[in-house]
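Quick notes on the structure that follows.
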Amino acid sequence: MHIRFTKMQGAGNDFVVLDETQGRLGLTAAQYRFLADRHFGVGADQILTVRPSPADGVDFEYVIHNADGGEVEQCGNGSRCFARFVYDKGLTDKTTIRVQTLSGVIAPQLTPDGRVTVDMGLPVLDAPRVPFDASGLAAATRHRAQVWPLALAAPAPAQVEVVVVSMGNPHAVQLVDDVDQFPVAVVGPQVERHVRFPQRVNAGFLQVQNRAQTKLRVYERGSGETLACGTGACAAVVAGIQQGLLDARVDVQTRGGLLTIAWEGGAQDHVFMTGPATTVFEGQIEIPDAL
Ligand SMILES: N[C@@H](CCC[C@H](N)C(=O)O)C(=O)O
């Protein structure tokens with residue numbers, strides 16, 4: 001099958017974007033994996049598929065597949081690229097776009113400076129809804145946060161402490177002193193597949209520099225460490241605010257760029273994420289039918 005695609009990136013988190021507004025391509029998990037493959041395919045952390053509106057009150061549907069071929073609920077950096085894609089392709093003339101994802105409706109807004117601000121909705125801090133299996137565990141309370149001990153195996157530390165947050169997709173955020181030196185490649189995969197996360201989890205490593213500036217690395221579920229994770233940045237700032245460490249507006253320096261996250265901290269307060277969204281190139285590729 002011959003398909004056209006657009007390669008995009010947001011803070012270095014990179015995407016293959018597919019337009020299914022005129023009809024479904026019907027790709028299999030193996031074909032998504034092929035597209036994401038950096039040697040045999042195009043190469044991407046996630047594949048984003050744009051579909052027509054599925055319901056009144058939303059403009060589009062946007063479907064997300066990780067590099068491992070699995071469909072997931074949410075992607076923050078992808079939502080900014082989605083908005084830039086539908087606007088630049090003339091699929092809409094709206095600059096605030098309501099889009100249906102697997103975990104609900106989010107609303108990206110193109111801003112005059114070229115960046116995109118996304119209303120990412122409400123964070124979920126209730127462990128079972130993340131989902132996180134806390135049975136038999138005692139959480140420490142740090143300010144307003146529940147901090148959970150997580151047992152790991154060598155060569156990782158025997159135990160780490162995480163705040164669990166859902167931004168539509170699951171995150172486990174731990175505080176680290178020096179994120180550049182932290183063994184993300186050792187700890188990340190163990191947290192991602194920890195038995196207490198029944199749907200696996202995105203593992204975030206947050207260094208708080210001051211109340212408004214942080215550094216973050218994320219070992220993403222289904223994709224490995226990426227240069228940035230938008231939902232990971234939202235979850236990390238929520239976790240930092242809950243622990244009393246951060247103010248309501250925080251810059252998050254990732255390895256691929258800067259994201260700004262704002263959250264007022266109340267039960268009805270949505271999380272807002274602002275960052276870049278860039279088209280890298282367009283292309284076409286032959287996808288093998290039998291994979
Ligand atoms: N890169 C994304 C998150 C993509 C999905 C994630 N790997 C998951 O499995 O939940 C972002 O920018 O949020």
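Cβ coordinates come from backbone N, Cα and C, glycine included.
Taken from TrEMBL as is:
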| type | residues | note |
| --- | --- | --- |
| ACT_SITE | Cys75 | active site, proton donor |
| ACT_SITE | Cys75 | active site |
| ACT_SITE | Cys229 | active site, proton acceptor |
| BINDING | Asn13, Gln46, Asn66, Gly76, Asn77, Asn169, Asn202, Glu220, Arg221, Gly230, Thr231 | substrate binding site |
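Distribution of TrEMBL features across the structure.
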| residue | record | contacts (Cβ under 8 Å, 6+ apart) |
| --- | --- | --- |
| Asn13 | substrate binding site | Asp45, Gln46, Asn77, Gly78, Thr226, Leu227, Ala228, Cys229, Gly230, Gly256 |
| Asn66 | substrate binding site | Ala36, Asp45, Gln46, Val72, Glu220, Arg221, Gly222, Ser223 |
| Cys75 | active site, proton donor | Gln46, Leu48, Ile64, Thr101, Asn169, Gly230, Thr231 |
| Asn202 | substrate binding site | Asn169, Pro170, His171, Ala172, Glu192, Val218, Tyr219, Glu220, Arg221, Cys229, Thr231, Gly232, Ala235 |
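The binding residues for substrate are recorded as Asn13, Gln46, Asn66, Gly76, Asn77, Asn169, Asn202, Glu220, Arg221, Gly230, Thr231; their greatest pairwise CA distance is 16 Å.
Neighbour counts were taken as the number of other C-beta atoms within 10 angstroms of each residue's C-beta; across the binding-site residues Asn77, Thr231, the minimum falls on Thr231. The substrate site, placed at the center of the C-beta atoms of Asn13, Gln46, Asn66, Gly76, Asn77, Asn169, Asn202, Glu220, Arg221, Gly230, Thr231, has further neighbours from the same chain whose C-beta lies within 8 angstroms: Asp45, Ile64, Val72, Gln74, Cys75, Gly78, Val218, Ser223, Thr226, Cys229, Gly232. Reduced to three states, the DSSP call for Thr231 (substrate binding site) is helix. Here the recorded positions are Arg221, Cys229; the one with the fewest Cβ atoms within 10 Å of its Cβ is Arg221.
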